[in-house]
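Going by TrEMBL, these are the annotated features:
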{"type": "DOMAIN", "residues": "46-258", "note": "domain 'FAD dependent oxidoreductase'"}
{"type": "BINDING", "residues": "113", "note": "FAD binding site"}
{"type": "BINDING", "residues": "149, 216, 243", "note": "D-dopa binding site"}
């Protein structure tokens, strides 16, 4: 699904630059993985394994490749306009169960309610959980994506517009929406340690645009994409991507579409 999504975003970067999607170099580091554990090593453009002298201290593996980046505040309104131009109608509703949506008259209902699937009376998926993330948006001419996976989860994501997102943190089960300045200082410490020539050591030396806190709906047993007939209603489930919403986006949409097609174009059972 991730590669399906990547293929669409990669093309949109050229065909629809107004979407904010841009192609960008990514430097991807791992403290405790080997190249054999990287499933996408043969799938991404300009992929190469980095030399030992290119690795930050403490990392075992480094890779460079081309990927994409986008700005959500531009991309999401752009995508909504495209959908509305194609005839999609947006409605806001409060539901206590999926069955309450039957009145809308759909042939198939797609359940993409995220964290709501934990509380919908006819779903109650107890594997759904929240993951708190926190980032810092700063002005910077850094023009790559830096990602480090290990004991900590550290990244610097250029938006190629003179700004950069610094992170990060994953706090499972946490829902605090206020900025934790201790975490923010730790993020600054980590990005400075790994990229000292790019990012200063002190918060006061940054031109800060904003602090961001996001509560992301995850699923302990992984992404759920599948079919289920519930009280006569044909349902396709598509939720549980946590912080991978854009990474999975078009891939999950394609998988959900295929499942909808299986319902819509299902051949009637032969009568003997």
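Here the Cβ of each residue, glycine as well, is placed from N, Cα and C on the backbone.
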Starting from the Cβ of residue 243 (D-dopa binding site), draw a 10 Å sphere and report how many other Cβ atoms land inside it.
16
Would you give the longest CA-CA distance, in whole angstrom, between residues of 149, 216, 243, the set recorded as binding D-dopa?
19
CB neighbours within 10 A of residue 149 (D-dopa binding site), counting all protein chains shown, number 16
Surrounding CB atoms that lie within 10 Å of the CB of the residue listed as 'FAD binding site', all protein chains:
19
Integer Å distance between the CA atoms belonging to residue 113 (FAD binding site) and residue 243 (D-dopa binding site):
15
Cβ atoms near residue 216 (D-dopa binding site) (within 10 Å, other residues, all chains)
17
Three-state secondary structure, which DSSP defines for residue 216 (D-dopa binding site):
strand
What DSSP gives for residue 149 (D-dopa binding site), in three states, is strand
Mean pLDDT across the domain 'FAD dependent oxidoreductase' (46-258), rounded to an integer, is what?
95
